[in-house]
Every structure is written in C-alpha cells, then in structure tokens.
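Working notes, beginning with the structure itself.
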Amino acid sequence: MRILLSNDDGYLAPGLAALYEALRPLAEILVMAPEQNCSGASNSLTLSRPLSVSRSAATGFYYVNGTPTDSVHVALTGMLDTKPDLVVSGINNGQNMGDDTLYSGTVAAATEGIMFGVPAIAFSLVHKEWAHLGDAARVAAEIVRHYLDHPLPGQPLLNINIPNLPYEELKGWRVTRLGKRHPSQPVIRQTNPRGEPIYWIGAAGDALDASEGTDFHATASGYVSITPLQLDLTHTQMLAATRDWARAGSGAS
C-alpha cells in the first residue's frame, strides 16, 4: 500500500508530522506538501511560473514552492511511476466544515487526488493551536486503516473533522452533510507606512445551519464528522428552470 500525504499548512506543520507518524505502520508514505502555509488557497494551480521541488534533510519530506493542489499534482504526474492507493491531506490547523470546504487548501489537496482517479481523505482539527493533536492523529489512522481494509466503492472524497478532545472523550464517527455559515465578517481596513489603505480578510462567519445531521452539529456534540464530497457542481434541481429561462431569452420555442 502506498499513500500520498499532503496538507495546506506547509511541510513543517505539526499536523503533517503527526499524521505521517500515525500512518507509517499502515503503508509506504510519500510526503509532498507546500513550502509555505497556503491556508485558503482552494484549488489554485500555479501556472505563471515553474515550480521547484526540494526535500527536507531532517524529515525526508518533499515540498514544492506552490499550492497544496500543486503539491499533489506534481507528485501524481511528475514523481510517482504508479498511482498511490490513497491521497491523504492534513491534519489541518482548524476546521474545514460547511462553506469552508470551498476555500480550503486541505480539501483541495484531496480533491486533486480525485481528479486523477485516486481516493482521497482530508483531515482537520476543529480548533486551532493543535490541542490533542496526537489523539486526532490516532483517529485519522483508524479511519485510514478502516478504509484500506474496507474500501468504499468508486473514488470517494471524504472530508473529516475531528473535535479537539482527548481520545477517550470522543463519541465515535458520524456521517454528515455540510452545514452552512453566515457570511464572513467585513474586511479589516488598516493603513500601511505610506498612508495607503490595506485590507485583511475578516473572520469566518458563525454557523448558520448547525442542525442535526451537519458537520457542525456532529463535532459540537463530540463526534468525528465524515462528509462525502463530490466534484460535480451542477445544480440539478435548477436544470429545468434554467432551460426554460434560456429558451425564453433566445426566442426558441
């Protein structure tokens, strides 16, 4: 078994190291991660310049001067002779639930695996600062082991969020849907030394839909949330109405 491991917090992140150590007994692990923290990079690819790959003398981890998606893309198309059995991303320093998944570099690294037909799992720790990281890595390894022993059909993309709790206090796993956030807080305006305005993106909004069945509800209740995602963004319920709208606008009968 071979696992390609990546993240969006960078190759020096504690979450990556903890997950690597937890997965080592399960498979051969190749690590390819971004050189820098790329939180919020989403699925961006670097197309305006060439990419360089380096290897850490301390850990043996490979890293690229690009995005999480670059990392997985380069590994799958330029380094590995055969596909890995699984792409794993994480453990992220903070949750990736609800609308977070659209911006998440952690989820994006996993998504790139799916683009090339490789099953993928993204792991995130719900709160920042790495509290109970070792326990989260233990849970992640259990989930990966279960997947390797009992694979899901097709090429699943699983988004997994782990509460910051001691292992003994976690209540188990729950399969969930994505919740929904309120819009983000407004940007924070400041002034640079030249007197010019600069802007910081505001904090994420609070949970809007945290009802039972959502990832927000599960993790707040002490459960590990497992949300299956898909790449097809088609709004199928809108197809008929959109056809009627387009037909009316084009003058077609």
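Each Cβ is built from the backbone N, Cα and C atoms, and glycine gets one as well.
Just so it is clear, the model here is predicted, and its values are computed rather than measured.
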For the divalent metal cation site that Swiss-Prot describes with Asp8, Asp9, Asn92, which of these is also annotated: Ser39, Ser42?
Ser39
Assigned conformation of Asp8 (divalent metal cation binding site) - DSSP reduced to three states:
coil
According to DSSP, collapsed to three classes, what secondary structure does Asn92 (divalent metal cation binding site) have?
strand
Give the number of CB atoms, excluding that of Ser39 (divalent metal cation binding site) itself, located within 10 Å of its CB.
19
Using all protein chains shown, find which of the binding-site residues Asp8, Asp9, Asn92 scores highest when you count other CB atoms within 10 A of its CB.
Asp8
